[in-house]
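What TrEMBL records for A:16-36, A:42-65, A:77-96, A:108-128, A:149-167, A:187-208, A:229-253, A:297-320, A:332-351, A:371-390 is transmembrane segment.
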Amino acid sequence: MSTRISTSPPAAADHYLVTFVGGFILLAALGIGLAIDARQAFLFLLGGAFGLTLFHASFGFTGGWRRFVQERRGRSLRAQMLMVAAAALLFIPLLASDISPWGRPLAGAFAPVGTSVVVGAFLFGLGMQLGGGCASGTLFTVGGGQARMLVVLAFFILGSLVGTAHLPWWLTQPSLSSINLSKSFGWVPALALTLGGLGLVALLSIWVEKRAHGMLEARSTPFPLTLRAWLFGPWSLTAAALILAGLNAVTLFSAGHPWSVTYAFGLWGAKIAQAAGVAVGEWTFWSWPMQERALNASVLADVTSVMNFGVILGAALAAGLAGKFAQGSAKLTLAPVVAAILGGLLMGYGARLSFGCNIGALFGGIASGSVHGWVWFALAFLGSIVGMRLRPFFGLDGHKPT
Amino acid sequence: MSPRFPLKKSLRSVLLAVSLPALAATAHTGAAVAATPAAAQAAQQGNIIISADQAKKLAASGAKIIDLRPAKDYAAGHIPGAINLPWIKFNQREVDGVRNEFASDEVIERELAAAGLSYDDTLVIYENSALPGRAYVVFDYAGFKKVHVLDGGVGAWKEKLSTEAVTPQPSAFKLSQKKEIRVDKKFVEGKVGKADVTIIDGRDEEAYLDGHIPGAKSLPAPKLLTAERTLKPQSALAQVLADKQINPDDEIVSYCGSGVYAANNYLALRNLGYRNVAFYDASWDEWSRDPKAGQSIAYDNYTFNVAGGASAQTTADGIPVGGKSGVPQFIDINELKKASDDKKSVIIDVRAPADYDWGHIPNSVNVFWDTTLNADRTLKSTAELDKLYKAAGVTPDKRVIIYARGGYQLTHTYTTLSLLGYKNIDFFTGKFEGWKSK
């Protein structure tokens with residue numbers, strides 16, 4: 001999930017895959033539109049757009065953080081900061097206005113700043129490096145045909161389910177209430193603080209990179225300017241960053257809340273467990289009103305689930321267009337699979353504890369002006385550093401497994 | 001100087017012939033009028049509030065018509081021949097925090113004199129409805145024996161109104177026949193709970209429900225009027241009163257918020273022939289501000305809709321997250337069970353001891369919410385309350401969870417504990433399993 005070398009020949013598009021996936025997406029959208037409503041179908045397609053974007057730009061957090069820590073290259077990290085900043089420019093004013101397109105005001109991604117976020121984010125960051133992808137990364141690589149990521153996803157779901165069982169306890173641990181920078185300082189200062197913070201991280205990465213390499217890495221993928229580039233990829237990180245920010249704003253407006261990913265994993269886990277006979281409905285978490293309703297309703301009624309399906313399919317479509325489906329898929333040997341299992345479990349559990357993942361907490365939280373997003377970022381990064389150190393033990397990064 | 005006619009002589013005899021029976025007739029009615037006050041009141045049944053036709057007849061035979069409305073309304077059009085005596089002149093808007101009290105005797109006397117009235121006058125007073133009670137009670141207090149009220153007020157006068165002001169010749173009126181018709185708080189206190197006394201509350205139903213003199217019955221004064229603001233027919237009124245068991249033989253005490261509706265009820269009941277009606281002028285304004293006076297409330301107990309309701313702080317995906325910043329939360333059963341084992345928490349069951357004995361949450365303590373009140377339903381002193389709670393092991397350093405089964409009990413306990421300085425309070429009102437039973 002890192003830079004593409006510009007001299008590699010563009011692969012031929014996989015026509016069958018594109019047709020199949022494209023057709024499936026359309027049918028699914030129709031089905032969802034009929035089963036639920038037009039808005040849900042739109043959100044599904046929006047998920048598709050997210051997936052396509054993520055894949056075409058290979059926009060991953062995990063590799064980016066690793067490159068920064070291990071190689072002192074901060075391009076990906078800076079693209080992430082740009083993405084969040086662009087989103088904040090849209091989110092914070094939108095949330096400050098009392099606009100209520102669906103009868104109630106838009107909800108930002110806010111969560112209490114406490115023990116569960118600190119612990120959960122750290123575990124997520126750790127798991128992220130073992131699994132080889134964060135939440136959005138797992139989805140788009142699964143869509144892109146990486147079999148190993150299916151293992152990560154499966155255990156991500158399991159970890160989330162366990163997380164729902166434990167979350168009520170975690171919520172009784174010491175915690176501040178959620179801190180909304182807009183409410184604390186007014187939205188203009190909140191926006192300034194947010195942009196300032198993100199800018200600071202970017203500047204820091206520039207300083208670190210220059211110190212280590214003398215100059216910043218050259219851009220390898222140009223900003224897509226032709227239709228061909230847009231359709232078949234690859235996209236520059238900058239382009240993806242801006243588009244993802246825009247898509248998240250559309251999500252905020254259409255769904256009433258920012259893009260989220262990991263909530264669905266807990267739901268899927270619960271539904272599967274319920275189908276297997278486990279009395280999940282009696283768990284404290286699943287007896288909370290909104291969760292109970294989600295558990296008892298069709299999975300298609302859950303916005304996050306539907307968008308996740310969209311992300312996977314959108315990535316698959318992009319993979320087909322770019323001719324990169326299942327490209328470079330390594331053989332599944334034991335050690336990397338163990339890492340995938342552990343990574344998935346840690347991410348699932350960690351995300352549930354910390355009210356989200358890189359998308360829900362970092363992207364959505366910081367862009368909404370929530371302090372928990374920053375805490376999440378910091379702790380996940382720390383966890384990632386630890387995770388990076390553990391990767392060699394599992395035979396990742398070309399090392400022999402220990 | 002007309003010459004003497006033989007007709008004059010016959011005229012005198014005719015007059016004599018006519019006057020004798022007339023005299024006899026007058027003596028007859030006069031005798032009736034001179035009977036006992038009770039009978040007099042009974043004879044006045046339906047005689048206070050009169051129709052426009054009756055009013056016209058009385059006016060023709062010398063009765064004075066009094067327009068009680070403000071000068072502006074009088075000037076715009078009044079019953080021909082009426083004099084203007086705005087009732088507001090007899091009123092003080094607020095005295096010692098009690099609204100709508102009588103003006104002083106001096107003022108009343110002065111105004112009546114300026115209107116040129118005397119105790120011999122027959123008065124027909126009118127305002128905008130059949131019940132200008134506030135003015136009527138002043139005339140009654142002043143001692144006027146022949147006061148009538150125009151049913152329906154100025155709206156009942158079907159002919160053209162006059163804009164010609166009538167300036168009365170001032171009289172040498174003195175308030176020599178006044179009689180106190182108002183009763184004070186002490187009097188009413190003595191009547192609360194008495195079997196043969198009926199206290200009636202003239203306010204709107206909502207106000208009555210929110211708090212009334214213990215035992216009082218609701219008789220909203222506006223309900224006695226029709227849409228045209230005339231008095232409802234006697235049969236209808238009698239039915240209403242019978243339904244509420246407000247009997248003509250009872251001793252009645254009429255009150256309301258400040259004394260306006262109470263006066264209306266007073267007038268209406270007197271008009272119906274009720275002989276024993278007292279008028280508590282200071283009414284609820286005075287009664288309700290005495291913490292020891294006692295109030296009945298008629299609203300049902302209430303509950304908090306906890307399921308996703310009262311404690312509505314959640315994240316966007318519905319995870320309940322309360323701020324631990326001094327805001328009480330409605331906790332769930334798991335948290336309650338944990339608190340039950342926690343030495344730093346105490347669950348306080350505020351139900352009656354009998355309920356507690358039969359079954360309570362393990363490790364919970366019982367402080368019946370009602371025991372925080374004295375016999376006269378005032379809150380006990382801070383010192384007594386501190387002792388009361390401490391004896392049960394409830395202290396401000398602990399996290400207190402109030403277990404209650406209704407809004408009153410919960411709110412009362414929360415308020416009491418807050419007054420004592422408790423800052424760490426949560427609520428549990430949900431389903432509990434695992435009772436420690438008898």
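Sequential numbering from 1, following the chain as shown.
The backbone N, Cα and C atoms fix where each Cβ goes, glycine too.
Sequence-distant contacts of the transmembrane segment (A:229-253) (same chain, six or more residues past either end, CB-CB distance under 8 Å): 4, 10, 13, 43, 46, 49-50, 53-59, 75-76, 79-80, 82-87, 89-91, 94, 101, 106, 108, 219, 221-223, 259, 307, 318, 321-323, 363-364, 367. Between the transmembrane segment (A:16-36) and the transmembrane segment (A:297-320), three or more CB pairs separated by 6 or more residues in sequence fall under 8 Å, so the two stretches touch. When each of the listed stretches A:42-65, A:149-167, A:187-208, A:371-390 is scored by C-beta pairs under 8 angstroms to the transmembrane segment (A:332-351), A:149-167 comes out highest. Away from its own ends, the transmembrane segment (A:149-167) comes close to residues 116, 120, 127, 131-133, 135, 138-139, 141-142, 262, 265-266, 268-270, 272-273, 280, 283, 285-286, 291, 332, 337, 340-353 of its chain (Cβ-Cβ under 8 Å, at least six residues beyond either end). Against the transmembrane segment (A:371-390), the recorded stretches A:42-65, A:77-96, A:108-128, A:297-320 differ in Cβ pairs under 8 Å, and the greatest number is found for A:108-128. Counting Cβ pairs under 8 Å to the transmembrane segment (A:77-96), the top-ranked stretch among A:42-65, A:108-128, A:297-320 is A:42-65.
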